[in-house]
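K.L.:
If you scroll down you'll find the structure; I have some questions about it.
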Amino acid sequence: MSNSTNYSKELGAPTFKMKINVFAGEALLFLLTQILGLVAALKIGKSLPEITNQPIEISWVRFLIYFVIGTAIILVFLRLSKKTGIFFEIIFALAIFSGSQIIFALIMPDFWAMFCAALLVVIRFLRPSILSQNIVMILTIAGIGSLLGLSLSIFSVIIILMVLSVYDFIAVYKTKHMIRMAKQMMQSRALLAFVVPQTIIGYKSHLKDVKVGTGQVFILGSGDVVMPLVAIASLSRFGVMHGLLVLLFSFLGLIFMQLIFNSQKVRRPMAALPPIALFTILGILTAMLVFGY
């Protein structure tokens, strides 16, 4: 999901026109994550060739069952629990530790990788600035996305992209639980997303000072970034050019998504994954056609 934190008139938020420096920040964070994830996937592929040679063939019945169950649990938790902050903080901490450990393990022994990952979690929660939030998200998404992509076949990735695009559309425009979840994550300061302020100095801001609905920041959800990376990592087993071409197409998808978002007369949360996923799938097909597989 993508939004400018000034959701709509019904939430009492003003309209918001994205400045070029905001999109530049969003694009930079997106590209840094994809490039780091691609480098990680290439290194993991060399050190663990069994992963790239025998990707997991996912059972779509099992995937859909787990996905529906997981979504149902989140919906029930959002509706009934008064301690969603703790719930999101635990998920956030585990994600940071798991993802960053994968990246750190590529350049240092496992013990120190775990130590640095744990230290990163502590730093992020003790000093939750917009800058630390985005650095943490780059490492987290790059680590998780690269390993997950290497574990999946191309066919599996395409199906997942299509299924999650439909889910993103429903979660934002129909049930709207994605919007509620994003707001509660923001309130708990455990947001699984990139936060892009309108000015460079804004990166120093504390997350507690970022108010939803004021137009201070633009938010790009982690799913909108990790899913293209999963595709890039999956294609990288065939060569770096495959991954780079998918990266280019996914970035074009980001631009296309932003054009759609900016065309709104009244700024509302947008399901960002569908356009990004569409271009990513086009990138996969183009890479397979041009470079082979």
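Including glycine, each Cβ sits where the backbone N, Cα and C put it.
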K.L.:
Suppose you had to name the range TrEMBL annotates as transmembrane segment; which of 197-216, 217-236 would you pick?
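P.N.:
Of the candidate stretches, TrEMBL labels 217-236 as transmembrane segment.
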K.L.:
So which of 20-42, 86-104, 217-236 is most in touch with the transmembrane segment (273-292), counting Cβ pairs under 8 Å?
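P.N.:
Most contacts with the transmembrane segment (273-292): 217-236.
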K.L.:
Mind checking which residues reach the transmembrane segment (217-236)? Cβ under 8 Å, same chain, six or more beyond either end.
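P.N.:
Sequence-distant neighbours of the transmembrane segment (217-236): 1-5, 18, 22, 25-26, 29-30, 33-34, 37-38, 40-42, 45, 55, 130, 137, 140-142, 144-150, 152-154, 156-157, 160-161, 164, 168, 178, 182, 191-198, 202, 210, 242-243, 245-247, 250, 253-254, 257, 272-273, 276-277, 280-281, 283-284, 287-288.
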K.L.:
Near the transmembrane segment (86-104), which residues from the same chain, at least 6 beyond its ends, have a CB less than 8 A from one of its CBs?
P.N.:
36, 40, 44, 77, 112-114, 116-118, 120-121, 124-125, 136, 139-144, 146-147, 184-185, 188-192
